[in-house]
(Lines of atoms letter the chains of each structure in order from A; the text may use other names.)
(Lines give C-alpha, C1' and ligand atoms only; values in the text may rest on other atoms or scores of the structure.)
Protein backbone atom coordinates (compact mmCIF):
# COMPACT_ATOMS: atom_id res chain seq x y z
CA UNK A 1 0.00 0.00 0.00
CA UNK A 2 1.26 3.33 -0.96
CA UNK A 3 1.61 5.79 1.88
CA UNK A 4 -0.19 9.11 1.38
CA UNK A 5 2.19 11.78 0.55
CA UNK A 6 2.06 14.81 2.84
CA UNK A 7 0.19 17.78 1.38
CA UNK A 8 2.15 20.77 0.23
CA UNK A 9 2.10 23.68 2.62
CA UNK A 10 -0.35 26.42 1.66
CA UNK A 11 1.34 29.58 0.70
CA UNK A 12 0.46 32.34 3.11
CA UNK A 13 -1.34 35.28 1.56
CA UNK A 14 0.34 38.53 2.27
CA UNK A 15 -1.94 41.52 2.68
CA UNK A 16 -0.47 44.80 1.78
CA UNK A 17 -1.87 48.18 2.56
CA UNK A 18 -2.91 50.01 -0.53
CA UNK A 19 -1.68 53.53 -0.52
CA UNK A 20 -3.36 56.29 -2.49
CA UNK A 21 -1.26 57.39 -5.31
CA UNK A 22 -0.55 61.10 -5.70
CA UNK A 23 -2.33 61.29 -9.02
CA UNK A 24 -5.52 60.02 -7.41
CA UNK A 25 -5.87 63.22 -5.33
CA UNK A 26 -6.33 65.33 -8.42
CA UNK A 27 -9.97 65.65 -9.50
CA UNK A 28 -10.89 64.86 -13.04
CA UNK A 29 -11.83 68.45 -13.91
CA UNK A 30 -8.53 69.75 -12.60
CA UNK A 31 -10.07 71.94 -9.86
CA UNK A 32 -9.46 71.41 -6.19
CA UNK A 33 -12.65 71.22 -4.14
CA UNK A 34 -12.47 71.88 -0.43
CA UNK A 35 -15.11 70.31 1.75
CA UNK A 36 -15.78 72.07 5.05
CA UNK A 37 -15.32 70.27 8.25
CA UNK A 38 -18.37 69.27 10.28
CA UNK A 39 -17.04 71.28 13.24
CA UNK A 40 -16.91 74.48 11.26
CA UNK A 41 -20.08 76.64 11.19
CA UNK A 42 -21.00 78.19 7.94
CA UNK A 43 -21.89 81.85 8.58
CA UNK A 44 -25.37 82.77 7.33
CA UNK A 45 -25.65 85.06 4.36
CA UNK A 46 -27.50 87.61 6.45
CA UNK A 47 -24.49 88.06 8.70
CA UNK A 48 -22.74 89.95 5.92
CA UNK A 49 -25.64 92.43 5.70
CA UNK A 50 -25.63 95.47 8.00
CA UNK A 51 -28.69 95.82 10.26
CA UNK A 52 -30.84 98.92 9.48
CA UNK A 53 -30.89 99.74 13.23
CA UNK A 54 -27.14 99.53 13.63
CA UNK A 55 -26.82 103.27 13.03
CA UNK A 56 -28.87 103.92 16.20
CA UNK A 57 -26.24 102.14 18.28
CA UNK A 58 -23.42 104.34 17.09
CA UNK A 59 -21.88 106.66 19.64
CA UNK A 60 -22.60 110.29 18.80
CA UNK A 61 -21.19 112.20 21.78
CA UNK A 62 -19.01 110.31 24.21
CA UNK A 63 -20.97 107.24 25.27
CA UNK A 64 -24.30 108.70 24.20
CA UNK A 65 -25.86 106.70 21.43
CA UNK A 66 -28.16 108.05 18.75
CA UNK A 67 -31.25 106.32 20.15
CA UNK A 68 -30.60 107.90 23.56
CA UNK A 69 -30.54 111.39 22.05
CA UNK A 70 -33.75 110.80 20.04
CA UNK A 71 -35.56 109.46 23.12
CA UNK A 72 -34.41 112.42 25.24
CA UNK A 73 -35.67 114.91 22.64
CA UNK A 74 -39.04 113.13 22.41
CA UNK A 75 -39.50 113.10 26.19
CA UNK A 76 -38.44 116.74 26.41
CA UNK A 77 -41.08 117.81 23.86
CA UNK A 78 -43.81 115.93 25.75
CA UNK A 79 -42.73 117.52 29.05
CA UNK A 80 -42.83 121.02 27.55
CA UNK A 81 -46.33 120.41 26.15
CA UNK A 82 -47.66 119.15 29.50
CA UNK A 83 -46.17 122.10 31.39
CA UNK A 84 -47.63 124.51 28.84
CA UNK A 85 -51.12 123.02 29.21
CA UNK A 86 -50.92 123.20 33.00
CA UNK A 87 -49.84 126.84 32.93
CA UNK A 88 -52.58 127.70 30.45
CA UNK A 89 -55.21 126.11 32.70
CA UNK A 90 -53.95 127.98 35.77
CA UNK A 91 -53.58 131.39 34.14
CA UNK A 92 -56.81 131.23 32.12
CA UNK A 93 -59.07 134.15 32.93
CA UNK A 94 -62.76 134.08 32.13
CA UNK A 95 -63.51 137.58 30.87
CA UNK A 96 -67.24 137.20 31.40
CA UNK A 97 -66.78 136.04 34.98
CA UNK A 98 -64.46 138.89 35.93
CA UNK A 99 -66.36 141.54 34.06
CA UNK A 100 -67.43 144.33 36.38
CA UNK A 101 -71.06 145.24 35.78
CA UNK A 102 -72.68 148.46 36.85
CA UNK A 103 -75.71 147.17 38.72
CA UNK A 104 -77.30 150.51 39.32
CA UNK A 105 -80.91 149.33 39.50
CA UNK A 106 -82.87 146.87 41.62
CA UNK A 107 -85.24 144.20 40.44
CA UNK A 108 -87.83 142.82 42.86
CA UNK A 109 -89.74 139.57 42.58
CA UNK A 110 -92.31 138.21 44.98
CA UNK A 111 -92.57 134.47 45.23
CA UNK A 112 -95.37 132.76 47.11
CA UNK A 113 -95.14 129.11 48.10
CA UNK A 114 -98.12 127.01 49.09
CA UNK A 115 -97.21 124.86 52.06
CA UNK A 116 -98.53 121.27 52.13
CA UNK A 117 -100.89 120.42 55.00
CA UNK A 118 -98.43 118.04 56.62
CA UNK A 119 -95.85 120.86 56.84
CA UNK A 120 -97.99 123.72 58.19
CA UNK A 121 -97.19 122.90 61.81
CA UNK A 122 -93.44 122.96 61.14
CA UNK A 123 -92.22 126.07 62.96
CA UNK A 124 -88.75 126.05 61.43
CA UNK A 125 -90.05 125.81 57.87
CA UNK A 126 -89.98 129.58 57.08
CA UNK A 127 -86.40 129.80 58.31
CA UNK A 128 -85.40 126.71 56.33
CA UNK A 129 -87.01 128.16 53.20
CA UNK A 130 -85.17 131.45 53.65
CA UNK A 131 -81.84 129.63 53.79
CA UNK A 132 -82.84 127.47 50.85
CA UNK A 133 -83.78 130.41 48.63
CA UNK A 134 -80.60 132.26 49.56
CA UNK A 135 -78.47 129.24 48.67
CA UNK A 136 -80.33 128.55 45.42
CA UNK A 137 -80.01 132.02 43.93
CA UNK A 138 -76.59 132.96 45.33
CA UNK A 139 -74.98 129.84 43.82
CA UNK A 140 -76.90 129.92 40.55
CA UNK A 141 -74.55 130.15 37.52
CA UNK A 142 -77.07 132.42 35.81
CA UNK A 143 -78.29 134.68 38.60
CA UNK A 144 -75.67 134.35 41.34
CA UNK A 145 -73.85 137.52 40.25
CA UNK A 146 -77.03 139.57 40.47
CA UNK A 147 -78.69 138.14 43.58
CA UNK A 148 -78.84 140.55 46.52
CA UNK A 149 -81.12 139.28 49.28
CA UNK A 150 -84.30 137.42 50.24
CA UNK A 151 -86.73 138.31 53.01
CA UNK A 152 -90.01 136.94 54.34
CA UNK A 153 -92.89 139.24 53.49
CA UNK A 154 -95.83 137.25 54.76
CA UNK A 155 -96.46 133.94 56.45
CA UNK A 156 -100.06 132.76 56.81
CA UNK A 157 -100.77 129.59 58.71
CA UNK A 158 -104.47 129.79 57.84
CA UNK A 159 -103.84 129.98 54.10
CA UNK A 160 -100.77 127.74 54.36
CA UNK A 161 -98.68 130.14 52.28
CA UNK A 162 -95.41 131.97 52.69
CA UNK A 163 -94.30 134.92 50.56
CA UNK A 164 -90.71 136.05 49.97
CA UNK A 165 -89.18 139.16 48.51
CA UNK A 166 -86.30 138.48 46.09
CA UNK A 167 -83.91 141.34 45.35
CA UNK A 168 -81.55 141.44 42.34
CA UNK A 169 -79.13 144.09 41.14
CA UNK A 170 -79.45 144.75 37.40
CA UNK A 171 -77.94 147.13 34.84
CA UNK A 172 -80.07 150.15 34.11
CA UNK A 173 -81.82 150.61 30.77
CA UNK A 174 -80.89 147.18 29.39
CA UNK A 175 -83.98 145.69 27.81
CA UNK A 176 -82.26 142.54 26.51
CA UNK A 177 -80.83 141.79 29.94
CA UNK A 178 -84.23 142.16 31.59
CA UNK A 179 -85.89 140.10 28.89
CA UNK A 180 -83.56 137.10 28.94
CA UNK A 181 -81.64 137.14 32.25
CA UNK A 182 -84.35 138.45 34.57
CA UNK A 183 -87.39 136.81 33.10
CA UNK A 184 -89.98 135.34 35.44
CA UNK A 185 -89.65 131.96 33.71
CA UNK A 186 -85.92 131.79 34.47
CA UNK A 187 -86.21 132.90 38.10
CA UNK A 188 -89.05 130.48 38.85
CA UNK A 189 -87.53 127.64 36.83
CA UNK A 190 -84.31 127.71 38.85
CA UNK A 191 -86.24 127.26 42.11
CA UNK A 192 -88.49 124.51 40.73
CA UNK A 193 -85.48 122.55 39.48
CA UNK A 194 -83.81 122.83 42.87
CA UNK A 195 -86.89 121.46 44.67
CA UNK A 196 -86.95 118.50 42.27
CA UNK A 197 -83.27 117.78 42.85
CA UNK A 198 -83.41 118.02 46.67
CA UNK A 199 -86.43 118.05 48.94
CA UNK A 200 -86.85 120.04 52.14
CA UNK A 201 -86.22 117.77 55.17
CA UNK A 202 -89.53 117.08 56.91
CA UNK A 203 -91.53 118.52 53.99
CA UNK A 204 -90.61 116.43 50.97
CA UNK A 205 -93.65 117.37 48.86
CA UNK A 206 -92.98 121.13 49.04
CA UNK A 207 -92.35 122.68 45.62
CA UNK A 208 -92.89 119.50 43.63
CA UNK A 209 -96.17 120.80 42.22
CA UNK A 210 -95.47 123.74 39.85
CA UNK A 211 -98.86 125.26 40.69
CA UNK A 212 -97.81 125.59 44.34
CA UNK A 213 -95.32 128.34 43.41
CA UNK A 214 -96.34 131.77 42.19
CA UNK A 215 -93.88 134.43 41.03
CA UNK A 216 -94.91 138.01 40.35
CA UNK A 217 -93.44 141.50 40.36
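Glycine is treated like the rest: Cβ placed from N, Cα and C.
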Between the ranges 45-65, 66-86, 87-107, Swiss-Prot assigns transmembrane segment to 66-86
Which of these ranges is annotated region 'Disordered' in Swiss-Prot: 1-37, 112-148? 1-37
